[in-house]
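Undergrad: What follows is a structure written as structure tokens; I'll ask about it next.
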Amino acid sequence: MADQPEKTAAAPAAPEAQPPTTATTTTEPAVSESQTQPEPQPEAEQKVEQATTGEEASPAPAATEPPVTEPTPAPAQEAPEDKKEEAPKEETKETKAEESKEEQKAEEPAAEPKAEAAKEEEQKPAQPEYLAKNPALSQFFDRLSAILSSTGHNEMWGVTLKDSSDVPTVNILIKFLRANEGNVKLAEEQLTKALQWRKEMNPLALTEGRYSAERYGGLGYVTKYPEANGKETIVTWNVYGNVKSIDQTFGDVDGFIKWRVALMELAVKDLKLSEATTVIDYDGEDPYQMLQVHDYQNVSFLRLNPTIKAASKKTIEVFSMAYPELLREKFFVNVPAIMGWMFAAMKVFLSKNTTRKFHPISNGANLAREFPSLKDKFPKTYGGNGATLEEDAFTVNLEKAEPAPEAPKEEPKEESKQEQAEAPKEEAKAEQAEAPKEEVKEEAKEEAKTEQPAAEEPAKAEAAVTTQEAPAAAEAK
């Protein structure tokens, strides 16, 4: 027991005996850590510092307790270190956040166009069902703007071509696409040619023109027959059996085409494509089509005549290009056997979808059988009970050729009137003047007869000769 007080008395002298450098070593790192924020110290150094600080802070009587068991000094020194360790992390987070913001700002110009494009797509209306079901039709509309720009013309069959929201425009593009069996490239080529042709030909103006009655009178008609469902059946009639002169009608091919186009445009107008409110079912029935009848009664010249062949070939080329999918059916009535060459020519220029609509009928009186609902309206000539085409149909404007001016003949007529008025006076004067002469001549003749009775026989002989020569002269004339 006597030894213990000695040990306890010596303990307070230890701190004083400590060199001052130890105190500076403990305080200097704290200052440097707060300013420079060094890396965390090793665990061994931390324990040494904890021991020294514990000795300095604790009173002398508590020195007997193990320094490790004192919990209060250690947290006091560790708390700043934890904060010091967390501070760099927080700063790095802030710097990363700032860097990310700067990167976002740098990326914003590139992202803005994408965002705008996405907004535009969202704002666009949903694609119509007829385009969604038919990708080829959608592609065709994608090309329409370029087609109209290249041709410089936007009118087709009385319809101004617009976009895919316009029903009449949709129906026209469907017709061109169906005529080419869904091939967008071929449909585009045909539409381009048709627009260019209409720009040059101006078919709408041709319907207002006037055409020779001698050349085209009685050759073409258009009829409208109302049906029970409220619709109308449009029929064009071409009666080539009424041709008066082959050379006059077919010799001028351009003139013939213009007349034929004018008649076709009248029929197309009655289809009322511009008033359409329903899109045609691509795979279904097309209500905007007409019937055509070609009558070849008494026609026996089509196989050999080159003039008619040229006109027919040109007509087929123009109509197959400019008027696709406008025919429901086409009937060739009163067709002679020699017309086979014409059907062969048509198959060359027209698609199978078109040629299957052609129906030759040898007897025109059987035509009405093809349309039982229209029998009462069809002309009697074609097996119906209706009026004739001349009475019931309409056609292009026809005019008769004006007679040639007869100005040179009018002057002689006036002179002849004056001569006729003066003739009686002159004749009366002549008769009065010649009367004495004639009386003298008659008296002389009577005297001659009495004096020369034998001269009569030669005169009779001369009369007989002239009578025999008359037929020969007449035949010679």
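Using N, Cα and C of the backbone, Cβ positions are placed for all residues, glycine too.
Copying in the features that Swiss-Prot gives for the protein in this structure:
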type     : residues                               : note
REGION   : 1-127                                  : region 'Disordered'
COMPBIAS : 7-38                                   : compositional bias 'Low complexity'
COMPBIAS : 49-67                                  : compositional bias 'Low complexity'
COMPBIAS : 80-124                                 : compositional bias 'Basic and acidic residues'
DOMAIN   : 215-390                                : domain 'CRAL-TRIO'
BINDING  : Tyr240, Arg260, His294, Tyr296, Lys330 : heme binding site
REGION   : 402-477                                : region 'Disordered'
COMPBIAS : 402-450                                : compositional bias 'Basic and acidic residues'
COMPBIAS : 451-477                                : compositional bias 'Low complexity'
Undergrad: Within 8 Å of the Cβ centroid of the heme site residues Tyr240, Arg260, His294, Tyr296, Lys330, which other residues of the same chain have their Cβ?
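TA: Apart from the listed residues, the neighbours are Asn238, Val239, Gln292, Val293, Asp295, Phe332.
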Undergrad: Could you check what DSSP calls His294 (heme binding site) once collapsed to helix, strand or coil?
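TA: His294 (heme binding site) sits in a strand per DSSP.
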Undergrad: According to DSSP, does Tyr240 (heme binding site) sit in a helix, a strand, or coil?
TA: helix
Undergrad: Just checking a number: largest C-alpha distance across Tyr240, Arg260, His294, Tyr296, Lys330 for the heme site, rounded to a whole Å.
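TA: Across Tyr240, Arg260, His294, Tyr296, Lys330, the two farthest Cα atoms sit 16 Å apart.
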Undergrad: Summarise the model's confidence over the domain 'CRAL-TRIO' (215-390) as a mean pLDDT value.
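TA: Taking every residue in the domain 'CRAL-TRIO' (215-390) and averaging pLDDT yields 90.
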Undergrad: Between Arg260, His294, Lys330, which of the binding-site residues has its C-beta surrounded by the fewest other C-beta atoms within 10 Å?
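TA: Comparing Cβ neighbours within 10 Å for the binding-site residues Arg260, His294, Lys330, Lys330 has the fewest.
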